[in-house]
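*Asks:* This is the feature table in TrEMBL:
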- 263-286: transmembrane segment (TRANSMEM)
- 306-325: transmembrane segment (TRANSMEM)
- 345-371: transmembrane segment (TRANSMEM)
- 391-407: transmembrane segment (TRANSMEM)
- 427-444: transmembrane segment (TRANSMEM)
- 488-517: transmembrane segment (TRANSMEM)
- 548-675: domain 'STAS' (DOMAIN)
- 695-742: region 'Disordered' (REGION)
Amino acid sequence: MSEDKSDRFLDGTMYKALATESGIDRPVMNQKQFEEEFGNPRDTNRIPLRIHVKGAMRGCVHPCSSGSHLLSTLLSFVPIFQWLPKYNFRESLVADLIGGITTGIMHVPQGLAYSVLAGVDPVYGLYSSCFPAFFYMLFGTSRHTTLGSFAVVTLMAGIANENIMEIKGTVNATDSTNSSLPSDLTPIQVASTLTVAIGIVQFAAGLLRLEFLASYFSDPLVSGFTTGSAVHVLIAQIDDIFGLTGLPKSSGPGYIFVRSWDIILAAFNRTNLVTLITSVIAITFLHCGKEYLSPFLKKKGLKLPVPYELIVIIISTAVSAIFDFQHNYNVPVVGFIPTGPPNPALPVVAILPDCIIQSLGMVVVTIAVHISLAKMYAKKLNYSVDARQELYALGGSSMLGGLFSVYPVSTALGRTAVNVSTGTKTQLSTVFSCALLLVIILWLGPLLQALPKCILACVIIVALKSMFQRCEEIKSLWRISRTDLLVWIVSFTSTVVIDVMEGLAISILFALLTVVFRSQWPKWERILGAMSSDHDKTLPEEASLPRPSVCVFRFDAPLIFTNVERFLNKVKKTMDEWDGIDSSSHKLCEIKVIVESEDPIPRYFIIDCSSIVYIDYMGVKALSETIIDLKKRGLTVYLAAVKPDVFVVLKAQGLLDKFSKEHLFPTLHDALSIADRNASAAEMLDNARKFRLSTQSSRSIDSPSPELTVKGTPTSLPPTPTSALPGTSVLFPAPISDEKRK
């Protein structure tokens, strides 16, 4: 019984056949012979639309087909029910306890400091570090990412807070009959409603399966944008560092320059020296501790990070309380911090539409940063995360956390890195972080009332160092990709010069335009006088010279409507150059007879389709026109390494009906080998014909005519022919100058 060809393909023979260039030999063959030998692996039949619709409907109805399916679907939204019963207390509990407490200690100074950026009181930073992280533990699939304060998102939340307060405050002042708005709308109400709006958009993105959008935010884009945002965060802390109060608020494009000028003018005569000295001491302590003391302690065997921020907060609070900085030196302090948990409250529905619009930029940044970090650490630590479930987790934690007076939060690289370095195993570490924060919220909060606000600014400024260090990526981007470098520069410049929200929009738009530009003006390559790759390297140099009758053209992009003109132009340019190379150069200093063969040597134009991963209607038309034009020039056209999807489109458009499969090849190696073999045979026959004709012509020219001979001596040379013999052409020698004759 003969062996089934499909079985041969499935058992790996097809793979071996395609691996010629990797060292596995098989006979050279065209596409027709290849399919006859190994079967046709290409599915050239399109799947009907009704099959796709049927499959989608089946997927939607499947959870409701039975009680068990419905229960499993609901439980899939809460992954903690899957991993908590399997939790290994012996191996993971101690690690999660240490990691949770360490991360909780980091949350305290970050929450207190970043609340200033959000435009709310410091106590709400503690709430924001506690409740969203706890809800994420229930819904998230990442074991190590930690939700909390993030400088860029908090800054964007503060800008959105100001915008909404300005709009709604104006509405309240001008329209006293508007009962949908509370008369005393507060910044924390706006921040909480903004958090709920972010959660709604994130959850909707998960339902619409938009997790793929995170791949559009490249690392250069995110890096340039976050670095530019760090400049805004830095400028926002300068007035607290110098103890400046009462500065005019600035907003709109280019506001950062106006604010910087106001700070410079005010710093000359309104600087609080005690505040400035305190800030310098705190920044010096934090910098020296992180840069010099921590590496030294790590060499000595200390594995846990030292909480320098918490240490400086405790010391500065104690000193401020002892010397009464607030009353004796006019140093701004945190002030009253309430005790007890926050009262749950519903969002303000009247401002929810405005909050949804303002939240879009924060949603983009949160998703891009969170999913990239989650995937990075999951790959590093050998586990997997579900990107769609992460959208549900972010949305659920924001919507539920927004009920507890919080501002928008996100994942932070520094905090997540510490969580990983301390050996955390699961999200159960969040329980210990939240427990530590609850202790401070319930009982220890009033102890921080004397904390100088400049210390919070110092914590933020030192934390920005990691963001500014991303400027070092410029060197590597310059070496690797100038286009990615341009994306980084545009993202950074637009964010700094204009504003954060507008800068993000410009960054995304420019990054997408670079994709369009790369597809519209892709790289291409041609090899004139190509030679087969299977030549014996041991042959003499003359035997391995390139064949002038073979040309390879490769287009390194999908062939679509945006680049069909470039494809046609580059094929024409290749043909013009090839014709120039194929014309022989002659030495005109001697008589030379060039024999024109009756049958010209065939020339082969090979289109390498290995880089054409997609083709549209205009691309098929361009390829068809190219093949027709090349055939009119007398060329034989080969298509090599056509992708299966492109093969389906070409067949659907009827191009393959006009194009023989004998001119299709599974690999470029096959096309080159057969073209070179045919060209070599034609050249050998043509050379033999030239030799025969030139020999006959030489005999007819050199032999003297008997009629012109007198006594055995020719009276004159035979007359110079005015025209070449049939099949020949004659070139006259170049005239010899008098100098050369002498």
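Every residue gets a Cβ built from N, Cα and C, even glycine.
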*Asks:* Which residues, given as numbers and ranges, are at least 6 beyond the ends of the transmembrane segment (488-517) yet have a Cβ under 8 Å from it?
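*Replies:* That would be 152, 155-156, 159, 216-218, 220-221, 223-225, 227-229, 231-232, 252-256, 361, 364-365, 473-474, 477, 562.
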*Asks:* Most CB pairs under 8 Å with the transmembrane segment (345-371): which of 263-286, 306-325, 391-407?
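*Replies:* Maximum Cβ contact count belongs to 391-407.
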*Asks:* How does the domain 'STAS' (548-675) divide up by DSSP, counting helix, then strand, then coil residues?
*Replies:* 55 helix, 26 strand, 47 coil
*Asks:* Other than its close neighbours in sequence, what residues sit by the transmembrane segment (391-407), given a CB gap under 8 Å and a spacing of at least six beyond its ends?
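*Replies:* Residues packing against the transmembrane segment (391-407) from afar: 77, 115, 118, 120, 124-125, 127-128, 131-133, 135-136, 138-141, 147, 154, 157, 161, 188, 191-196, 198-206, 210-211, 341-347, 366-367, 370.
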